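Below is one structure, written out as structure tokens; the observations come after it.
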Amino acid sequence: MAATAASPIPPFPRDFLWGVATSAHQIEGAAAERGACVWDAFTAVPGNVKDGTTAAVACDHYHRYREDVALVRGLGVGAYRFSVSWPRVLPTGAGPVNAAGLDFYDRLVDELCAAGVRPVPTLFHWDTPLAVQEAGGWLSRDTAERFAAYAAVVAARIGDRVTKWITLNEPAEHTLLGHALGEHAPGRRLLFDALPAAHHQLLAHGLAVRALRAAGARDVGIANSHGPTWPASAADEDTEAAGLYDVLLNRLFADPLLLGRYPDGFGELMPSDDLAADLDVISEPLDWYGINFYQPTKVGAPLPHPTEYSGLTLPPELPFAPRRIEGYPVTDFGWPVVPDALPELLTAFRDRYGDRLPPLVITENGCSYEGLDDQERIAYLDGHLRALHRALEAGVDVRGYFVWSLMDNFEWAEGYRRRFGLVHIDYATLERTPKASYHWLREVLRAQRA
Ligand code: GBH
């Protein structure tokens, strides 16, 4: 694959927000210095993580954050998206506070501000406190209230220096992978009975937006996973299956957030005594909407056997099955590299939600490849930045772009064998080494500032 196209990446608006992203459980380590979370329990079960690892140490970011902030600063990005670990702040999910844990985020925010980098915390990136899980987790409505109380604790401590907030990361993936398919913690295989976890996450989001605003926050968003769905063929059974998958991935969360209603047929499946009141909370207007984009998905009618796809095993009981997308390069995770799918997604969002759509931010985009001389990652990012620029030219209001990820980290059920970083981690020594893509991005951003 060619490393860089000959022409420079076209200029983005001067105030466009460039950033890199990570999440707490994937990088922090220091597991003994926080409360247990669902991922600690999940990774303790042999077979759940493909390389048998856990995130007990991960990148040891908890102890090495100064070095990591220096790497962020060296890139020349304006913002750093990280997540706050709920069980580090509140080991049992509710009071009492772990003072050392809250201090950590306070110091991290100070370090970022001193480096001239805007801190963008995400309040939940899949690491539910184990005590909250034992009380029902996301299947229980109480979890939404507990989450909002936790959001208030964090805002009270770092809200004086944090202006941009993210409530949840990818509730769709957390519902699908964690509660419907059991591929992620908490390992539930509920198929469509997982839908309450979607509703309670959305409710938690809305209550947290209110809690953050009550604490003075002015720039609140969410990070949702989205991507175009391509039907496997024009046959009715394939377009119907693809349509359902598209609703689950692209509308089940976006419609209630942006339009205040569930897609047809889904409201009835949600556990609520007063759905209208819940939707009122969920659709609290957002200052911006975050999209994590990786790839399009081709989907068709169910197949009579389990489908292996991108490391997932999808059971034949699902009313759809993914198909391999041919004709594009793939990352070492097997995901197709289709930069044009990004403007396709963004213009579809603009067309669907119109003036109900707040400004967009790409809160994650990236790929996993081996090696320090990661020319494929450079090609991936180069292609996606050019494609994103075309979306801006087509009039989609996108205000920022975050690369997933600053550094290699614990890639959930894949363990450490997938490397998404601009910075390489040697897990034996924890040495950090910027890859070719890090140097490339620094030069791209330098050119953007010129
Ligand atoms: C993000 O999720 C997470 O926020 C982050 O923690 C993670 O490290 C990062 O991506 C990389 O994985 O849906 O069958 O087409 C990404 C969600 C789900 C997107 C799986 C790609 C491919 C398989 N991903 N999907 S499929």
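Including glycine, each Cβ sits where the backbone N, Cα and C put it.
Unlike curated records, TrEMBL annotations are generated automatically.
Taken from TrEMBL, the feature substrate binding site applies to GLN26, HIS125, ASN169, TYR294, TRP404, GLU411, TRP412. Non-local contacts of TRP404 (substrate binding site) by the CB criterion (under 8 A, 6+ apart in sequence, same chain) comprise VAL20, ALA21, ASN292, GLU364, ASN365, GLY366, PHE420.
In the three-state DSSP assignment, the secondary structure recorded for GLU170 (active site, proton donor) is coil. Residue environment of GLU170 (active site, proton donor) contains 24 other Cβ atoms, counted within 10 Å of its Cβ in all protein chains. Per TrEMBL, active site, proton donor is recorded for GLU170.
All protein chains shown were included, and the count of other CB atoms within 10 Å of the CB of GLU364 (active site, nucleophile) stands at 24. Annotated active site, nucleophile per TrEMBL: GLU364, in sequence order.
Spread of the substrate binding residues is 18 Å (greatest Cα-Cα distance among GLN26, HIS125, ASN169, TYR294, TRP404, GLU411, TRP412).
Of the recorded residues, TYR294 (substrate binding site) and GLU170 (active site, proton donor) place their C-alpha atoms 12 Å from one another. Report note: the substrate site is defined by GLN26, HIS125, ASN169, TYR294, TRP404, GLU411, TRP412, and the residues of the same chain whose CB lies within 8 Å of the CB centroid of those residues, excluding them, are SER23, TRP126, GLU170, GLU364, SER405, ASN409, PHE420. When the Cα atoms are compared, GLN26 (substrate binding site) and GLU170 (active site, proton donor) turn out to be 15 Å apart. Residue density at TRP412 (substrate binding site): 25 other Cβ atoms are found within 10 A of its Cβ, drawing on all protein chains shown. Of the recorded residues, HIS125 (substrate binding site) and GLU170 (active site, proton donor) place their C-alpha atoms 8 Å from one another.
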